Amino acid sequence: MKKTLNKRSIILVGITLFSMFFGSGNLIFPPYLGFQAGGKAWIGLLGFALTAIICPVLAVIAIARFDDLPHLAGKAGKKFAIIFTILAFLSIGPCLAIPRNAAVSFEMAVVPFVKTPTLALRIIYSLIFFGISYLLCVHPESLTDTLGKILGPVLLGLMLFVAVLCMIRIPYVSLEPTGAYADHQVLQGFLDGYQTMDTIAALNFGNIIALNIVHMGIKDKKEVVSGTMKAGIIAGILLFVVYAAMMQVGVLSGTVSQNATNGANVLTNIVGSLLGNKGIILLGVIYVLACLTTCVGLLCSCAEYFASISKMSYKKWIILFTVSSFAMSIVGLDQILKISVPILNAIYPVAMVLVLLGQFKKHLEKHPMVFPSAILLTGIVSVIYALSSAGIRIPYVTGLILSIPPTADLCWLIPAAAGIVIGWVLPAGRLGDSCSLSADREAS
């Protein structure tokens, strides 16, 4: 008799995935959405949920269906799959999100309590932060025991405590939308949710979640896939609850202070006004937990992937990524951001298209050129946009690409749709062996 996941186990895995998703950026965007959108915050949250919740959940489902990211990306070609997967893991992991989360947690948990944050203090903090991260990463198959049973629930509880406290202590006043949310709240929410870049993180987390399910004694592949999908849905529900709560905190903060320039300011202003220094300490703990759990998830997923394609062991990759992320968080983060952010801007739209097409695995089997053609057009436009964001413009071409509606950030949407249509009518093999699905059918 095959073993199946019980409800408690599925919830634990879902909380684990939620805690891996919820990093510093996820804590900043919703309060600022509420602060700017005011009485129309719930409208903005709908757009935010599309890109910050639904897309990441769909990414987890896509990875479950295709086993892993290389197999999903392989639908557009073997060479593309190798390049894209490596860039995806590095850009969202040790080259961006991991050192950035460590740096942000230092800024929120330590800097408010010291007059002059010295380099020595930053080094000591980062040593402790990455030392704990390493210890939690040694056994990636047991993340449900640490993140799912302990750190995730504590993080959830503290954030909901802050939200409930604000709702009880501060009267609700419906304020007019301001700033970016003055008009088109759904579109602005969509764009802010897009900026979390959680979809590409979800592509990285799928394998670790499956590994934890297998560690629970689930050997049947269909059960592992089903469990991964259910965990993704639970994580999505938790994200919505927390985003809605943090958004409401932002709405209420408008009656406390009008001088916030980002989500961190919003939270600091309102919690500080209610609890004083104790509130700032509480926020610091929340930031550390959010950043720590995300770093652990990213370190584990990156090390797992690179161990699978090399002769170096998982533990050695963990050490390498932990040490390099530590170094970047201390001295080299700004320079790394200059390189990794454009790369992320180039590959993130491609990840979104992969996730969308991954939902129609069976339907696209008779139209193998849809993947490569959609990815090709999306990639061209995304690279041009990424170069533009890095200050590199191609005469005539850049201006034309950035003028594609609906906005410059989403200029890839229409080319992606065109690629899907073209791929639907093209016979297999027309785009060449390098991006032909038929040549890579074994990878699927």
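Keep in mind that glycine also has a Cβ here, set from the backbone N, Cα and C atoms.
TrEMBL does not curate its annotations; it predicts them automatically.
Record features, source TrEMBL:
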TRANSMEM  9-29  transmembrane segment
TRANSMEM  41-64  transmembrane segment
TRANSMEM  80-99  transmembrane segment
TRANSMEM  119-138  transmembrane segment
TRANSMEM  150-172  transmembrane segment
TRANSMEM  200-218  transmembrane segment
TRANSMEM  230-251  transmembrane segment
TRANSMEM  280-305  transmembrane segment
TRANSMEM  317-333  transmembrane segment
TRANSMEM  339-357  transmembrane segment
TRANSMEM  369-392  transmembrane segment
TRANSMEM  412-431  transmembrane segment
Cβ-Cβ under 8 Å with the transmembrane segment (119-138): same-chain residues at least 6 beyond its ends:
102, 105-106, 109-110, 146-147, 288, 291-292, 295-296, 299-300, 303, 315, 318-319, 322-323, 325-326, 329-330
Please tell me whether the transmembrane segment (9-29) and the transmembrane segment (200-218) touch - that is, whether there are at least 3 C-beta pairs under 8 Å between them, with each pair 6 or more apart in sequence.
yes
Does the structure show the transmembrane segment (317-333) and the transmembrane segment (230-251) touching, where I'm treating 3 or more Cβ pairs under 8 angstroms (sequence separation 6 or more) as a contact?
no
Cβ under 8 Å, sequence separation of at least 6 from the ends of the transmembrane segment (412-431): give me the contacting residues as numbers and ranges.
349, 353, 357, 367-378, 380-382, 385, 404-406, 437-439
Same-chain Cβ contacts of the transmembrane segment (41-64) under 8 Å, 6 or more residues past its ends?
17, 21, 26, 29-30, 33-34, 72, 181, 185-194, 196, 198-203, 205-207, 209-210, 224-225, 228-229, 231-233, 235-236, 239-240, 243-244, 247-248, 250-251, 351-352, 354-356, 358-359
Select the range from 150-172, 230-251, 280-305 that forms the most Cβ-Cβ pairs under 8 Å with the transmembrane segment (80-99).
280-305
For the transmembrane segment (150-172), give me same-chain residues lying six or more residues beyond its boundaries with a C-beta closer than 8 angstroms to one of its C-beta atoms, as numbers and ranges.
15-16, 18-19, 22, 27, 238, 241-242, 245-246, 248-249, 251-253, 255-256, 267, 270-271, 274-275, 282-283, 285-286, 289-290, 292-293
